[in-house]
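A short worksheet on the structure shown next.
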Amino acid sequence: MLNAGIAADSYTFSCILKCFAASGSVKNGEWLHGYLLKLDLAACSCSVVNSLLSFYAKVGRVESARKLFDELPQRDVVSWNSMISGYSKCGDLAAASRVFEKTSERSVVSWTSMIQAYSRSGLLHDAIRLFHEMTSSGTKPDIFTLSAVLHACASSGSLESGKSVHNYITGQGLESNLFVCNALMDMYAKCGSMEDARSLFDTMIPSKDLVSWTVMIAGYGMHGFGKEAIRAFEEMRRDGIKPDGVSFISVLYACSHSGLVNEGWRFFNIMQKECKIEPSLEHYACMVDLLSRSGKLQMAYEFIKGMPIKPDATIWGALLCGCRIHHDVKLAERVAEHVFELEPENARYYVLLANIYAEAEKWEEVKELRVKIGRRGLKKHPGCSWIEVKGKVHVFVAKDGSHPEVRKIEALLRKVREGMKKEGFSPKLRYALMNGDDLEKEMALCGHSEKLAMGFGILNLPPGKTVRVMKNLRVCRDCHEMAKFMSKTTGREIILRDSNFFHHFKDGSCSCRGFW
């Protein structure tokens with residue numbers, strides 16, 4: 001266009017900068033910046049300068065964006081929003097917060113950007129708090145704001161906060177918006193309330209799209225309701241909605257966590273033969289997980305070796321998890337070699353192998369791995385659990401003695417353990433993951449974070465009220481057994497969400513039926 005002698009206008013520059021940002025074309029964007037400087041950038045319209053600012057922010061050139069921002073003679077709402085959104089996306093939450101605080105005219109975009117920034121940084125309750133500040137300030141959220149805060153509620157497992165947002169949505173008459181309804185269903189599913197998710201699905205969504213169905217299928221899967229997930233998937237197809245790759249991931253995941261091996265194979269074949277969808281790494285990972293959880297470890301190993309695409313660490317890691325579940329140390333060692341080669345700096349897999357050794361009481365191997373972890377400077381994420389009671393979140397870590405009610409909690413757990421022993425339950429000492437005598441191991445098990453959180457919930461929630469606990473790592477077998485016993489003796493449901501799955505404990509049994 002330029003070679004033809006046609007002059008570009010503000011709209012042209014804004015469009016091409018959006019293209020450069022979307023494609024990550026940093027050099028082209030910098031070239032255009034130079035071209036604009038020759039034209040006299042100060043004379044360009046505000047929309048062009050904002051587009052340039054947004055470009056630098058989106059491609060991660062925060063320093064360039066900041067320099068340009070500081071040199072602007074005038075800044076409008078879009079300028080501020082671009083800066084807030086660009087720091088936040090680059091992980092510089094402190095800088096984004098400073099810019100946000102300086103903004104005199106906060107728009108829905110700037111509020112939404114900060115809510116998303118807090119959520120991305122794992123500060124989920126701050127994201128929820130900021131949403132309530134936004135509504136109190138008189139700024140009306142849009143559907144993207146609502147989606148962002150519902151995502152924060154879902155990630156934190158804060159059902160009370162999620163219901164509060166739902167009440168706001170109802171008051172604003174936005175329940176008929178499909179985008180918002182899908183986000184609400186996802187929130188309820190991830191906060192442990194499939195009843196509320198299903199109620200929305202059945203009564204409040206006039207025309208369900210692929211996302212609506214996929215949210216329900218995934219929700220059933222993460223709660224261990226594999227057969228319900230399959231029914232929903234088949235009902236979706238009968239309604240004429242064609243599944244995509246994500247839908248198949250959801251139904252395969254559901255089969256995996258319910259031990260439905262034959263059904264999993266059937267859907268894997270339908271995906272390829274009937275729907276003409278080529279399996280991705282995620283689909284192969286689901287199949288490996290399905291076989292591994294069901295104890296078909298050698299079959300899973302051969303399946304990986306026969307894959308037409310190179311398996312990644314996630315796929316080998318799924319088999320390594322299966323080796324831990326079924327205590328196959330020899331295969332775990334072979335599998336770990338592949339994992340360490342692909343992701344040598346991922347502490348999670350070293351810890352997983354160390355736990356496999358510890359459960360087999362191979363303490364020398366545990367010691368060697370721990371030395372290797374230390375030598376490489378790898379950091380293990382500490383296990384923690386949390387529970388929301390009366391609007392306040394209480395966080396526990398293993399052997400946590402800092403909580404003001406820790407003595408009451410420990411007394412309750414000792415009483416529960418004594419009751420278990422009387423009924424013939426023995427502590428799963430191998431899950432203490434330590435080399436010591438039985439008493440030391442039992443004491444260590446009593447201090448696991450999920451036990452502390454469950455005990456706190458039982459002590460502080462009204463009789464009959466469901467106890468909802470979240471954990472950032474996989475729940476151990478001993479805690480799993482204790483949760484079943486506690487649900488029976490207290491006469492209340494306990495819902496425990498770990499890093500992979502929801503466990504619904506009721507009347508002494510768990511919804512997972514051992515497939516987790």
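Just so you know, glycine gets a Cβ as well, placed from its N, Cα and C.
This prediction places the mean pLDDT of the repeat 'PPR' (76-106) at 75. The annotation repeat 'PPR' is assigned in TrEMBL to 76-106 (among others).
What TrEMBL records for 107-141 (among others) is repeat 'PPR'.
If you look up TrEMBL, you'll see 177-207 (among others) marked as repeat 'PPR'. With a cut-off of 8 Å between Cβ atoms, the residues of this chain six or more beyond the repeat 'PPR' (177-207) that come close are 143, 146-147, 150-151, 153-155, 157-159, 162, 165-166, 169, 215-216, 218-220, 222-223, 225, 468, 495, 497, 502.
Residues or ranges marked as repeat 'PPR' in TrEMBL: 209-243 (among others).
Marked as domain 'DYW' by TrEMBL: 424-516.
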Within the repeat 'PPR' (209-243), residues counted as helix, strand or coil by DSSP: 26 helix, 0 strand, 9 coil
